[in-house]
């Protein structure tokens, strides 16, 4: 009976345990809040800059829609298919710079950031030259795969005028990663926002006032992207990054093959990922009233692409935060292995 009475007694939790659990919960909430603030500090400007740059393409398509169905179909295929292949491939190639610059910044080898960026310029520029036939022979290629002659000819004309946009990716993507690794995402956001405002005005001027037509819409897209490139380049080179930019260096020509091997896999992967669902626009060209079908589907895909800039911004922020934590963890492990090192550093 005595044993059974002990089993029936309630198990009382000490008050100290409840207090510890409460404090742990509060600590977890506080840490989550602080980490979220750090993430948003990086992610918000990154998301805004991506939305701003992608909005230029949407606005260009919107203005081209006022010119006619044929012009809208042509600018849609040129920007949503041809440019997207170039965009995805070069963006993937630039991911190698993101990794190397992040490691160099974490290791406080700041001068290497500028060298890595110059090395990336060389590799991406050579790759962009290899992609030029896709723009030059866009019209024959589209005719070969069964697109209507009118759409193919107009798309080929637009593709030729979008070659400057194609080359702007070489510098836009590399400059963005160069600045992101230094926590200068706000600069990218400001430059992108300014370029978007200028693009709206210039496109309105070319289409409605000067009436340049379809070629004018392509020129405005070239101009706005290069305006963003010049803004980022000026900030990076003319004094605002004194530690990471020390001028042009011959070291940029060292290790190009290794850099290419590191970049090409990501470039091919992202290029194919960008292309595989956009091929639906080409399929839409086989339908009756192909101009309207191509224009409608391309607008839908462009809107989906615009929405995807939000998770891409978070993805970029997550990558940088994880890299910083990994470098910090490695540094702490090294400090533990050498107990006298902190005292030596303090001295």
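All positions are counted from 1 along the displayed chain.
Yeah, the Cβs are placed from backbone N, Cα and C, and that goes for glycine too.
Keep in mind that TrEMBL annotations are predicted by a computer and have not been checked by a curator.
The annotation transmembrane segment is assigned in TrEMBL to 47-67 (among others).
The annotation transmembrane segment is assigned in TrEMBL to 73-100 (among others).
Residues or ranges marked as transmembrane segment in TrEMBL: 121-142 (among others). Within the chain carrying the transmembrane segment (121-142), a Cβ under 8 angstroms from the stretch's Cβ atoms is held by residues 77-78, 82, 85-86, 89-90, 93-94, 151-153, 155-157, 159-160, 162-163, 166-167, 169-171, 173-174, 252-253, 256, 259-260, 263, 267, 282, 285, all 6 or more beyond its ends.
Feature annotation from TrEMBL assigns transmembrane segment to 154-175 (among others).
Among the features that TrEMBL reports, transmembrane segment is placed at 187-208 (among others).
If you look up TrEMBL, you'll see 223-241 (among others) marked as transmembrane segment. Residues of the same chain lying 6 or more positions beyond the ends of the transmembrane segment (223-241) and with a Cβ under 8 Å from any Cβ of it are 53, 56, 114, 164-165, 168-169, 171-172, 175-176, 178-179, 182, 184, 187-188, 191-192, 194-196, 198-199, 202.
The feature transmembrane segment is assigned by TrEMBL to 292-325 (among others).
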Tertiary contacts of the transmembrane segment (47-67), as residues 6+ beyond its ends and Cβ separation under 8 Å: 74-76, 79-80, 83, 172, 176, 185, 188-189, 191-193, 195-196, 199-200, 203-204, 207, 213-214, 217-218, 220-221, 224-225, 228, 295, 298-299, 302-303, 305-306, 309-310, 312-314
